[in-house]
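Comments concern the structure below.
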Amino acid sequence: MPVELKWPWLGIAIPSFLIAYIGYSSHYFILQNFASRRQQLWFEFSLTLIWISYALAIFTNPGRPPPNFEPLTHQWKNYCKKCDTYKPERAHHCKTCKQCVLVMDHHCPWTMNCVGHKNFPHFMRFLTWIVLTTSYLGILLMQRVLEHWASRNSRKFVYTSELCLLFINAPLNTFILITVLLLAFRCMKNQFLNGMTQIESWEKDRIENLFMNKRLVPQLIKNLKEIHPGDAIDEGSAKRLLSSKRLLLEDIVNFPYDLDVFENAKLSMGPTCSWCLPWGKPYGEGTRFAVNELSDYDATAAIEDKLLSLPWPPDGGRQTSQRSADVSSAFETHISGGESALRKISFDSRTNLPRAQWYNEWGENLSDFGVDVDAET
């Protein structure tokens, strides 16, 4: 669940204090007592790269749409009421930054900035260097703890300050490592494995919820007619699709920006040679994107293939709070003991929520990611 701070400046003050306290107190009161010069230099080097990547994640603008942007013909025309202009695909208006953000992932309270197209590489390097540095420090601290334990019965002199800081810093360092590792894993899983931002991953959960509650297919067919008004849709195929009991979500829904793991990583992080460089930037301007082959529209294809070509999100974000009055959407045929009977389908109550209020299993809604839902049209 995203964190909201009463005083936003604490979002930078707290991480800065933790980086400085754990890093420098561990070095000057613990590592200097036993670590080699090479180990200390490597630790300070990685600590410096944390500061650099953190500063870049804070001060780099995540990217805003160019003036007078015009969407492509077969894309959703998403208009921002706050910026009074069309938004590129994957862009959202941030309620805190007060701007439309290209490829918006989320608003991060710990950087007081959005994570978007232009600063996502800096954000990932920040997380990566924290994981590497805390892992390295954790190994050194554990090594020192074991040394003290092995010599516990000797008369070897030990600084009281070192013992106190070992007692505090070792568990605190482990806690930071685990929490940041989980966040880094979530970002990598979404962006690299699936080609998605956190907002798009949330959107996928919402689409799955609509599909499971039989609210998705009618809207997709309606959207297909809207996106390609000149192409006739076979009504027989549409009715077959609406009544199908074996239809799978992946048969009709495609996330167009998922290419493959390596391409996804390059699109979000930039050329591979720049991934570790503090100044590395992503490809492109963040307004047009390569799509997978399932997104290609073919007027002669089956209706399922046509639905796969719909832009993201395929329902156009048009989730309403009204439940369908169609009886077939509330009941299904059940055969038991050779007899056929109707039984009521249990609906997920979230299905009746509008998109701006819908929440996933983590309890997250669009506003929790920093999106200004009043600007979403």
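First residue shown is number 1, and so on along the chain.
Just so you know, glycine gets a Cβ as well, placed from its N, Cα and C.
TrEMBL labels come from automatic prediction, so no person has curated them.
Per TrEMBL, the features are:
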- 6-29: transmembrane segment (TRANSMEM)
- 41-59: transmembrane segment (TRANSMEM)
- 77-204: domain 'Palmitoyltransferase DHHC' (DOMAIN)
- Cys108: active site, S-palmitoyl cysteine intermediate (ACT_SITE)
- 122-142: transmembrane segment (TRANSMEM)
- 163-185: transmembrane segment (TRANSMEM)
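Counting every protein chain shown, 23 other Cβ atoms lie within 10 Å of the Cβ of Cys108 (active site, S-palmitoyl cysteine intermediate). Long-range Cβ contacts of the transmembrane segment (41-59) within its own chain (Cβ-Cβ under 8 Å, at least 6 residues beyond either end) map to 12, 15-16, 19, 23, 27, 31, 35, 108, 111-113, 115, 119, 122-123, 125-126, 129-130, 132-133, 136-137, 140, 278-279.
Residues 18, 22, 25-26, 29-30, 124, 127-128, 130-131, 134-135, 137-138, 141-142, 144-145, 148 of the same chain sit 6 or more residues outside the transmembrane segment (163-185) yet have a Cβ under 8 Å from a Cβ within it. Sorting the domain 'Palmitoyltransferase DHHC' (77-204) by DSSP state (H, G, I as helix; E, B as strand; all else coil) yields 72 helix, 16 strand, 40 coil. The predicted model assigns the domain 'Palmitoyltransferase DHHC' (77-204) a mean pLDDT of 94.
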